[in-house]
Every structure is written in C-alpha cells, then in structure tokens.
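Beneath this line is the structure, given in structure tokens, with notes to follow.
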Amino acid sequence: MTMARVLVASRNAKKLAELRRILDDAGVAGVQIVGLDDVPPYDEAPETGATFEENALAKARDGAAATGLPCVADDSGLAVDALNGMPGVLSARWSGTHGDDAANNALLLAQLRDVPDERRGARFVSACALVVPGGTETVVRGEWPGTIGRKPMGEGGFGYDPLFVPDGGDVTAAQLTPAAKDAASHRGRALRHLLPALAALADRTE
C-alpha cells in the first residue's frame, strides 16, 4: 500500500509522536507523518493571527504550498479566566522569549500569586488545520478545562503542563501518561476531529 505523506508543521518531536499515536489508536493506516526537519526548509510566516484558528490555518497553508504535501498545523495555548483569557495566542512567548517554558510558568505563577483557588480556572485550547494542496481546508478546535496549580509538578509534557490540573483530576497534565494525555488533551481532541479527513487521504492512495 502506498503511504500518504502528511507534513506536520512542527519540529516538536512530542507533537509528531502524539499524532502518530492518535492515528494508530484510531486504526488509520496508510498515513506517514513527517515533520519540518524531514522536508527542505522554507520561509515560515510569523504567528500574527488574533486567534488560534488563524495561526493554525496560516501555518498549514504555508507548509502545503511550500512542499506540495497535505499539511497539518496547530496553534495552541492556555486561556486563564483570571487573566481574561490570556496568555492565549501569546502562550509560547508570554515571558518574552519564545518557548522558554520555565520562564513562562514562573511568570504565570507570579501573576496568579494572589488569586484564590476558586478563581484559578483555565483551559488549554488547540486549533488544528489540515490543508490539502489544490483541495480542501479543514480547521477544528479542541478545549481541555482545568485549573492552575500553585507550583510545577511532573516531568512529562511541555509548556504549561506542570501547572495545569485537568478538571476531575488531582494531578497535573505533566504527571499523566502519554496515553492518558492523548485521550483528554485539547490537542488530542482537536486531532481526533481531523481523523476523517486524514483517513480520506489514506484512502486516496490505496
């Protein structure tokens, strides 16, 4: 069977592994996931959208146009109730340096220092886009509600996972197994919404 190559517009190995696990768990065969390190470099547009959906779609369009491959891209972040939904689309660079998880977590804790437990509600949000060259564009969204803890806990995950306690649980996202996180997380929920479109790509190669 010919494999449908699908580009994920990311160099984050954990994101690539997450989508591969979700495809495997859903029994979707015939899709080969590749990341940005597996294709020739191209100019990546900055994330300037006002919403997660705008950023995800822009990244997916860029990847599909540059490589000729169907491209999946996501934009995700943390929306904290007490901060009026921030850091939102600025989540990865909340402290001023893109991708500095420790600094971002430290700043968030400082901003919520005097916020009582009952007002520490938050949700992870993920928008995922799939763009097929010369074909369809699909944009989906997943949300994961919870609260922000008082200190980082757990070694797994990335981003704000060590601070985020999902609703109905007593451990942080960073303390969950990969399988448990896939089943519940915002990105897992969004990616599962893309499964029919990804399965259709696999069907086209049979």
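Cβ atoms here come from the backbone N, Cα and C positions, even for glycine.
ASP75 (active site, proton acceptor) falls within a strand segment according to DSSP. All protein chains considered, the CB of ASP75 (active site, proton acceptor) has 25 other CB atoms within 10 Å. The active site, proton acceptor feature in Swiss-Prot is assigned to ASP75; the stated evidence is sequence analysis.
Mapped onto three states, the DSSP output places LYS14 (substrate binding site) in helix. Long-range Cβ contacts of LYS14 (substrate binding site) within its own chain (separation 6+, distance under 8 Å): GLY157, PHE158. Annotated substrate binding site per Swiss-Prot: SER10, ARG11, ASN12, ALA13, LYS14, LYS15, SER76, PHE158, GLY159, TYR160, ASP161, LYS181, HIS186, ARG187, in sequence order.
Sequence annotations record features per position, and here Swiss-Prot assigns Mg(2+) binding site to ASP75.
Put simply, the two farthest-apart Cα atoms among SER10, ARG11, ASN12, ALA13, LYS14, LYS15, SER76, PHE158, GLY159, TYR160, ASP161, LYS181, HIS186, ARG187, the recorded binders of substrate, are 20 Å from each other. Sequence-distant neighbours of ASP161 (substrate binding site) (same chain, 6+ apart, CB under 8 A from its CB) are GLY154, THR172, ALA173, ALA174. Ranking the binding-site residues SER10, ASN12, SER76 by other CB atoms within 10 A of the CB puts ASN12 at the bottom.
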